[in-house]
Amino acid sequence: MAAVDLEKLRASGAGKAIGVLTSGGDAQGMNAAVRAVTRMGIYVGAKVFLIHEGYEGLVEGGENIKQANWLSVSNIIQLGGTVIGSARCKAFTTREGRRAAAYNLVQHGITNLCVIGGDGSLTGANIFRSEWGSLLEELVAEGKISETMARTYSHLNIAGLVGSIDNDFCGTDMTIGTDSALHRIMEVIDAITTTAQSHQRTFVLEVMGRRCGYLALVSALASGADWLFIPEAPPEDGWENFMCERLGETRSRGSRLNIIIIAEGAIDRDGKPISSSYVKDLVVQRLGFDTRVTVLGHVQRGGTPSAFDRVLSSKMAMEAVMALLEATHDTPACVVTLSGNQSVRLPLMECVQMTKEVQKAMDDKRFDEAIQLRGGSFENNWNIYKLLAHQKPPKEKSNFSLAILNVGAPAAGMNAAVRSAVRTGISHGHTVYVVHDGFEGLAKGQVQEVGWHDVAGWLGRGGSMLGTKRTLPKGQLESIVENIRIYGIHALLVVGGFEAYEGVLQLVEARGRYEELCIVMCVIPATISNNVPGTDFSLGSDTAVNAAMESCDRIKQSASGTKRRVFIVETMGGYCGYLATVTGIAVGADAAYVFEDPFNIHDLKVNVEHMTEKMKTDIQRGLVLRNEKCHDYYTTEFLYNLYSSEGKGVFDCRTNVLGHLQQGGAPTPFDRNYGTKLGVKAMLWLSEKLRDVYRKGRVFANAPDSACVIGLKKKAVAFSPVTELKKDTDFEHRMPREQWWLSLRLMLKMLAQYRISMAAYVSGELEHVTRRTLSMDKGF
């Protein structure tokens with residue numbers, strides 16, 4: 001559907017009623033989804049009902065079904081679990097139970113149902129929808145409802161959102177709750193690492209995932225675990241010997257700890273369970289290592305949702321409401337999923353069918369097929385884990401030397417990218433150098449060769465272990481060229497922010513003057529500002545958004561306690577408003593001022609009046625975000641003075657400048673993983689390019705496509721030549737001319753109850769799940 005006009009949209013919701021429920025196991029981010037469905041529903045003029053206690057509340061009716069207003073879902077976005085309750089319901093699996101549920105929905109005039117839950121809950125919803133007509137006939141026959149009512153409510157629309165920490169649903173890159181569960185697992189691994197190192201221990205960590213190894217796989221990849229057990233890929237026979245050999249080997253190389261990660265559903269080739277206690281006993285008996293088991297259990301479901309889960313849930317929930325409004329008698333029940341950074345609608349039963357096929361493949365011991373059916377990203381994660389976990393000597397030494405450096409400001413995930421690039425390069429037989437202190441270090445000859453074990457333990461470290469500088473190559477080209485010649489460097493991998501991109505562009509433009517610069521170059525965008533052209537996500541921006549979000553959560557709590565207080569919070573990001581916008585959505589801010597969305601004094605007046613109106617309700621707190629360079633004259637101090645003066649007698653005002661807090665401590669699971677993947681993919685690309693341009697015993701690369709930025713664009717990882725990106729770059733303000741996340745600002749304003757035109761909102765199309773669509777790697 002094309003963009004929708006606000007008036008038409010508001011009319012399309014009028015007279016409709018939407019019921020929202022959470023079912024099955026809880027997942028962090030469900031509250032953000034409930035909030036967004038409720039507010040979007042009310043926004044378009046529909047009535048919204050919160051159905052408490054999942055399907056149980058639907059069957060029992062009464063007080064469990066309550067009409068919601070705008071304030072019903074205030075201040076819940078930061079809470080874990082689900083505030084409307086969830087239950088596993090036996091009654092709904094029977095025809096009588098579903099008949100009672102249909103009766104309760106008709107009583108409230110609800111014919112649109114948004115179900116947030118796992119595949120079981122969504123399958124139940126689809127059965128309910130297919131039986132709807134016959135259930136109403138039975139209710140008419142019993143005299144419980146009139147024929148007129150049955151005609152009025154003759155059709156039930158279903159839109160599903162997948163809430164499950166296991167990420168076990170086919171057709172979506174991420175389910176609601178998965179990212180937060182990974183946060184909990186990584187927090188535990190980081191904490192365990194310090195005690196394990198102190199005592200030279202081995203830890204066996206058991207994570208959730210009875211039928212799906214996603215959490216185990218990604219946390220193993222993000223922590224550099226020594227061994228991994230997942231149900232989709234049982235270990236080869238004789239694995240006990242291999243595992244003990246590998247653990248012994250890492251210890252003999254000086255490592256003080258071993259980490260083994262096991263999914264609770266891990267099995268061997270014969271389908272027999274492998275338990276964490278069995279693995280522990282094995283290590284103790286064979287190696288005599290001090291070994292402990294930690295079962296994470298329900299810790300993984302707990303805690304506050306991560307920024308990714310809050311934004312993902314809000315985006316999907318808006319799309320679900322649109323899907324319900326646009327549904328006709330012929331549209332199938334759909335589920336809203338994530339593909340890259342796009343929300344997509346898929347037929348519910350196609351996804352459920354594919355999900356069941358994975359299980360069937362595992363039951364039939366077709367394990368390779370099971371991994372393929374899990375999707376391209378899962379398969380890619382698995383292959384990268386196998387590549388990086390253990391050093392295998394290269395088949396042959398190559399003649400190539402590569403150098404890796406960090407440029408710009410420190411960003412979380414830089415070290416993960418360097419580690420994986422170093423190890424991939426070594427496994428391909430290349431000589432790998434690291435350069436300290438960016439281009440300046442390259443000019444001064446601060447270059448050293450690096451080995452496999454030199455980068456051990458780098459994954460979870462924040463900042464930049466190599467040291468990073470903002471200096472560009474321009475003033476020191478002679479010295480840089482000299483050192484490239486001395487060390488015989490054939491390729492450069494530059495991990496960094498806008499300066500990394502600009503620096504490589506300068507080197508490429510100097511190729512005509514210096515033949516030594518006719519080498520292969522690649523930029524991995526790493527900056528908290530997310531302002532590098534050629535990618536939708538820069539490394540480090542997820543950690544920065546989470547750091548800003550945690551600070552804002554605390555600030556909001558302070559405002560709640562004080563009553564009638566507004567906080568103005570300044571975020572970093574240069575001219576790029578990504579941090580302010582995404583943090584704003586994640587914390588439910590009232591406004592976020594950014595450079596890309598120009599505003600004038602009239603807009604500020606509207607905002608202040610909006611805040612004054614808000615203070616008359618039960619929500620007596622406000623939070624306004626401001627990007628540091630959003631306006632030359634409307635500074636943070638100006639906004640503080642304006643809000644203080646206009647709000648006099650109604651609310652008072654305080655400011656907070658978050659500053660370098662936003663560079664974050666330890667990288668988030670997303671950044672560790674994304675960095676690891678970009679490092680591997682960039683190194684594989686460099687290796688391939690080097691082979692292509694190797695002529696007569698030397699490397700000569702001068703084609704535009706020999707110097708690229710690697711990044712995630714929409715649904716896939718892409719390489720864009722720096723010379724082609726030049727025309728798409730605003731060098732004055734250091735950012736791309738077009739930015740995908742500006743479409744998220746509609747959601748920010750709508751959820752803060754601003755009247756806006758939805759003309760720019762583009763709904764997701766209904767697509768289909770096939771083995772081909774599953775095979776794409778989206779980088780998650």
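Heads up, the Cβ atoms here are built off N, Cα and C, so glycines get one too.
Since we're looking at a predicted model, the values are computed, not measured.
In three-state terms derived from DSSP, Asp166 (active site, proton acceptor) belongs to neither a helical nor a strand segment and is classed as coil. The active site, proton acceptor feature in Swiss-Prot is assigned to Asp166.
Within 10 Å of the C-beta atom of Asp119 (Mg(2+) binding site) sit 23 other C-beta atoms, taking all shown protein chains into account. Residues annotated as Mg(2+) binding site in Swiss-Prot: Asp119.
Under the heading substrate binding site, Swiss-Prot lists Ser164, Ile165, Asp166, Arg201, Met208, Gly209, Arg210, Glu264, Arg292, His298, Val299, Gln300, Arg301.
Per Swiss-Prot, O-linked glycosylation site is recorded for Ser529, and the stated evidence type is similarity to another entry. Sequence-distant neighbours of Ser529 (O-linked glycosylation site): residues of the same chain at least 6 apart with a C-beta under 8 Å from its C-beta are Gly497, Phe498, Ser538, Ser541, Met572, Gly573, Gly574, Cys576, Tyr578, Leu579, Met735.
What Swiss-Prot records for Ala2 is N-acetylalanine.
Taken from Swiss-Prot, the feature phosphoserine applies to Ser377 (among others), supported by similarity to another entry. When secondary structure is read from DSSP and collapsed to three states, Ser377 (phosphoserine) falls in the helix class.
Long-range neighbours of Tyr640 (phosphotyrosine) (same chain, six or more residues apart, CB within less than 8 Å of its CB): Ile568, Cys653, Arg654, Thr655. In the three-state DSSP assignment, the secondary structure recorded for Tyr640 (phosphotyrosine) is helix. According to Swiss-Prot, the feature phosphotyrosine maps to Tyr640.
Long-range Cβ proximity for Ser775 (phosphoserine), meaning a same-chain Cβ under 8 A and a gap of 6 or more residues, is found for Gln372, Gly375, Gly376, Glu379. Feature annotation from Swiss-Prot assigns phosphoserine to Ser775 (among others).
The region 'N-terminal catalytic PFK domain 1' annotation in Swiss-Prot covers 2-390. Restricting the average to the region 'N-terminal catalytic PFK domain 1' (2-390) gives a pLDDT of 94.
The annotation region 'Interdomain linker' is assigned in Swiss-Prot to 391-400. Residues 423, 426-431, 452, 490-491, 687, 690, 694, 699 of the same chain, all 6+ positions outside the region 'Interdomain linker' (391-400), place their C-beta atoms under 8 angstroms from a C-beta of that stretch.
Site extent for substrate: among the recorded binding residues Ser164, Ile165, Asp166, Arg201, Met208, Gly209, Arg210, Glu264, Arg292, His298, Val299, Gln300, Arg301, the largest C-alpha separation is 32 Å. Note: the CA-CA distance between Ser164 (substrate binding site) and Asp119 (Mg(2+) binding site) rounds to 9 Å. Annotation: Arg301 carries the greatest number of neighbouring Cβ atoms among the binding-site residues Arg210, Arg292, Arg301 [cut-off 10 Å, Cβ to Cβ].
Counting residues per DSSP class in helix, strand and coil order gives 0 helix, 0 strand, 10 coil for the region 'Interdomain linker' (391-400). Around the Cβ of Ser377 (phosphoserine), a 10 Å sphere holds 22 further Cβ atoms from the protein chains shown.
According to its DSSP assignment, Ser529 (O-linked glycosylation site) is coil. Counting every protein chain shown, 25 other Cβ atoms lie within 10 Å of the Cβ of Asp166 (active site, proton acceptor). Cβ neighbours within 10 Å of Val299 (substrate binding site), excluding its own Cβ and spanning all shown chains: 16.
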